[in-house]
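Asker: The feature transmembrane segment is assigned by Swiss-Prot to 21-41, 43-63, 88-108, 137-157, 202-222, 235-255, 299-318, 322-344, 350-370, 389-409, 477-497, with sequence analysis given as support.
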Amino acid sequence: MNSSNAIFKTFLGSAPEWYKLCIITFLVINPLIYFFVSPFIAGWTLVAEFIFTLSMALKCYPLQPGGLLAIEAVAIGMTSPHHVKHEIIANFEVILLLMFMVAGIYFMKQLLLYVFTKLLIVIRSKKVLSLSFCLSAAFLSAFLDALTVIAVIISVGTGFYGVYHKVASGSTFEDSTDISNDDKIITNKKILEQFRAFLRSLLMHAAVGSALGGVMTMVGEPQNLIIASQAEWGFIEFLIRVAPVSLPVLICGIATCLLLEHFKVFGYGERLPRRVWGVLARYNVLQEQHMTKQDRVKMAIQALAGIWLIVGLALHLADVGIIGLTIIIICTAFCGITDEHAIGRSFQEPMPFTALIVVFFTIVAVIVDLKLFEPIINFVLSADPHSQLALFYVFNGLLSMISDNVFVGTVYMNETKAALTSGFISREQFDLIAVAINTGTNLPSVATPNGQAAFLFLLTSPFAPLIRLSYSRMIYMALPYTIVLSIVGFFALEYLLPPLTELMTNWGWLIAR
């Protein structure tokens, strides 16, 4: 084997050869397009290539191919290291959240698995179970960050999967096994596939539920805080102003959840296999029998940490990541986890995704520097006031499907605030547009994993390959929700928001500025 073959073989490891050739081709053509064709076209080409690396997440983790594309983009001048640093600092809350909150949830896994195992055993109806996952995710996302909620759901799902996988592999509950290795599973493969489908559907219901709840309050999503700050809305005012759109969408989202389970379409409807239920029930009984006084104290501490988590985030007592760090300290200190390596394991899952998010911010910096969204933004702001709400909603939604919804919401909100300051639009129109931006960035963005950080975190988590949740499958399973949420949101924005906002202002519920 010569040197070039050896380099090609080690490049991107076990990724397919055609994929390696694609990435090499991208790296060759990008500078040529940038210097000899058009920086604008080169920018959109880079965005398309980065989305491609995300869609191939199960073939190769996107950090390496996406990172190489980002490094080259900086090297050829599509953006600067200074601007990348600026984007990272501007989104530092998200990085802190990923580093500490996800690790904090790791130390609450014992309590979460105990509670959700009880839930899974008691609720036998798949419709009720799906609805409970969707609604609990929606409720939690209204007060917590959607990423935190998804981290909880992933932790629980991994726990369920691990319990059954051990038994299916011929091991005991106490054995330490590699749950990514199916070699020892011979007779239970069909049941395992059914269980994977069951977990996929629950996870997708919860993921969409996090978007349904996240749109409702100013703390539900990072961009909501930016919108509330620019519009000078408090928690209650934000909730009331968005309600004419968010409530109809929530009701229709719940109906969609039930209909998908009833008709068993788009990958939904798979019930919990009876044998898996038996394994989980046996595991639950065994846990109860072997639970010591010390175990109960540990779970009580985790429960208190959970209460602090909800209260701290709902009242915004500190940044999300800082609260996550307090969870790590409280749970490890009072549960007796003081070994450095034991603590380090909690950071294994979030760190690769944190690095990927930083690469993503580099792509965002390219979008800003090359003004890729500027033609669309200018078109919307120059449109007739009567059609502005619809256009803001549609273009926010479309851009949020391919880019970070925090970035899209921030850019549109800054431009709209500038239009208000210059007297280009009225305050009443500004308030309505702010709602359109909020709902536009939060609802249609469920269409793809790149739209919402929580969805991207789910796709790139170690749990996704275990349950065979790929990029294309996520899009397919999210499709009915995307259609319903987007259409209902559009009509509520057009026909309910203006008259109900005027009515609530007349009632004194809203302040006319």
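Every residue, even glycine, has its Cβ placed from backbone N, Cα and C.
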Asker: Among 43-63, 202-222, 299-318, 322-344, which stretch has the highest count of C-beta pairs below 8 Å with the transmembrane segment (88-108)?
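Answerer: It is 322-344 that shares the most Cβ pairs under 8 Å with the transmembrane segment (88-108).
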Asker: Other than its close neighbours in sequence, what residues sit by the transmembrane segment (137-157), given a CB gap under 8 Å and a spacing of at least six beyond its ends?
Answerer: 94, 97-98, 101-102, 105-106, 108-109, 112-113, 116, 199, 202-203, 205-214, 216-217, 219-222, 250, 253, 309-310, 313-314, 320, 324, 452-455, 457-458, 461, 463, 467
Asker: Name the range, of those listed as 43-63, 202-222, 322-344, 350-370, that has the largest tally of Cβ pairs under 8 Å with the transmembrane segment (477-497).
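Answerer: Maximum Cβ contact count belongs to 202-222.
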Asker: Which residues of the same chain, at least 6 past either end of the transmembrane segment (350-370), have a Cβ under 8 Å from a Cβ in it?
Answerer: 39-40, 42-43, 46-47, 50, 61-63, 66-67, 70, 73-74, 78-80, 83-84, 86-88, 91, 94-95, 98-99, 102-103, 403-404, 407, 411, 453, 456-457, 460-461
Asker: Report, as numbers and ranges, which residues of the same chain sit near the transmembrane segment (202-222): CB under 8 Å and 6 or more residues beyond its ends.
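Answerer: Contacts with the transmembrane segment (202-222): 91, 93-94, 129-131, 133-146, 149-150, 153-154, 157, 228, 233-235, 238-239, 242-243, 245-246, 249-250, 253, 257, 267-268, 313-314, 316, 405-406, 438-439, 441-443, 445-446, 452-455, 458, 467, 469, 474, 477-478, 481, 485.
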Asker: Which residues, given as numbers and ranges, are at least 6 beyond the ends of the transmembrane segment (43-63) yet have a Cβ under 8 Å from it?
Answerer: 12-13, 15-16, 19, 22-23, 26, 29-30, 33, 69-70, 73, 78, 352, 355-356, 359-360, 363, 366-367, 370, 372, 402-403, 448-450, 456, 459-460, 464-465, 470-472
Asker: For the transmembrane segment (322-344), give me same-chain residues lying six or more residues beyond its boundaries with a C-beta closer than 8 angstroms to one of its C-beta atoms, as numbers and ranges.
Answerer: 96-97, 99-105, 107-108, 148, 298, 301-302, 304-305, 308-309, 312-313
